[in-house]
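Per TrEMBL, the features are as follows:
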- 34: active site, proton acceptor (ACT_SITE)
- 174: active site, proton donor (ACT_SITE)
- 7, 65, 141, 142, 143, 144, 174, 175, 176, 196, 197: substrate binding site (BINDING)
- 32, 34, 65, 174: divalent metal cation binding site (BINDING)
Ligand SMILES: O=C(CO)[C@H](O)[C@H](O)COP(=O)(O)O
Ligand SMILES: [Fe+2]
């Protein structure tokens, strides 16, 4: 069943505990944590202390999306800070296979994220090692951007590769996800939908998470 991972990038940082407690009560399956270093992406979000603080209150697993250069330097620290799943960017890893093995050795799930211009076919020889592939549906770095329509085709091709290789990694989509595009994303093969602004900018975030989950039952 497709699941929802609200992104705390769009939460009220001055009321982070309150927002995480709202997510605990919600139908969200994961809490998505966006880490940006101002180098791999042109924005700085927050780092390890905020991830740890979120983990102290979260009763859902943390899905940590590392938008940072040379992520190997911080893998162990993010596991200590509560990550249950760590996703690194294909474009940030010179030795991706080695990075994925290190994440798994640390005892958490391993994912790879692809920027909008990066073809899914480049993952062919590493798919069997992955728990998740994150298809970026905006250019990483900022919340609240417009969904890129080519994402559907990428997800369809990735789902085709998954079936052809008999694998069961999850497909996650991140950026501009809302009630309107959720059904088509699920039909294309998405298992996990990240939603930041569509949840936290809504008048009733709990209801929006429930509606996103319903929209994903196609
Ligand atoms: O990784 C991200 C940005 O780089 C965020 O997870 C993503 O943008 C979610 O926010 P929104 O739903 O507002 O687009
Ligand atoms: Fe993200």
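Residue numbers in this text run from 1 along the chain shown.
Backbone N, Cα and C atoms are what each Cβ position is placed from, and that goes for glycine too.
Within the same chain, residues at least 6 positions away in sequence whose Cβ sits under 8 Å from that of residue 141 (substrate binding site) are 36, 41, 42, 43, 67. The residues near the divalent metal cation site, meaning same-chain residues not in 32, 34, 65, 174 whose C-beta sits within 8 angstroms of the mean position of the site's C-beta atoms, are 5, 7, 9, 33, 63, 64, 87, 134, 194, 196, in sequence order. Taking a C-beta cut-off of under 8 angstroms and a sequence separation of 6 or more, residue 32 (divalent metal cation binding site) has the following same-chain neighbours: 5, 6, 7, 8, 9, 63, 65, 174, 194, 196. DSSP classifies residue 197 (substrate binding site) as helix under the three-state reduction.
For the pair the residue listed as 'active site, proton acceptor' and residue 197 (substrate binding site), the Cα-Cα distance reads 13 Å. With respect to ligand 2, the recorded positions 34, 65, 143, 174, 176, 197 contribute 34, 65, 174 as residues with a C-beta closer than 6 angstroms to one of its atoms, given in sequence order. A Cβ within 8 Å of the Cβ centre of 7, 65, 141, 142, 143, 144, 174, 175, 176, 196, 197, the residues given for substrate, is found for these other residues of the same chain: 9, 10, 34, 138, 145, 194.
In this structure, the binding-site residues 7, 197 were compared by how many other Cβ atoms lie within 10 Å of their Cβ, and the smallest count belongs to 197. Under a cutoff of 8 A between CB atoms, and with a sequence separation of 6+ in the same chain, the neighbours of residue 176 (substrate binding site) are 137, 138, 145, 146, 147, 148. Sequence-distant contacts of residue 143 (substrate binding site), defined as residues of its own chain at least six apart whose C-beta falls under 8 angstroms from its C-beta, comprise 7, 9, 10, 34, 196, 197.
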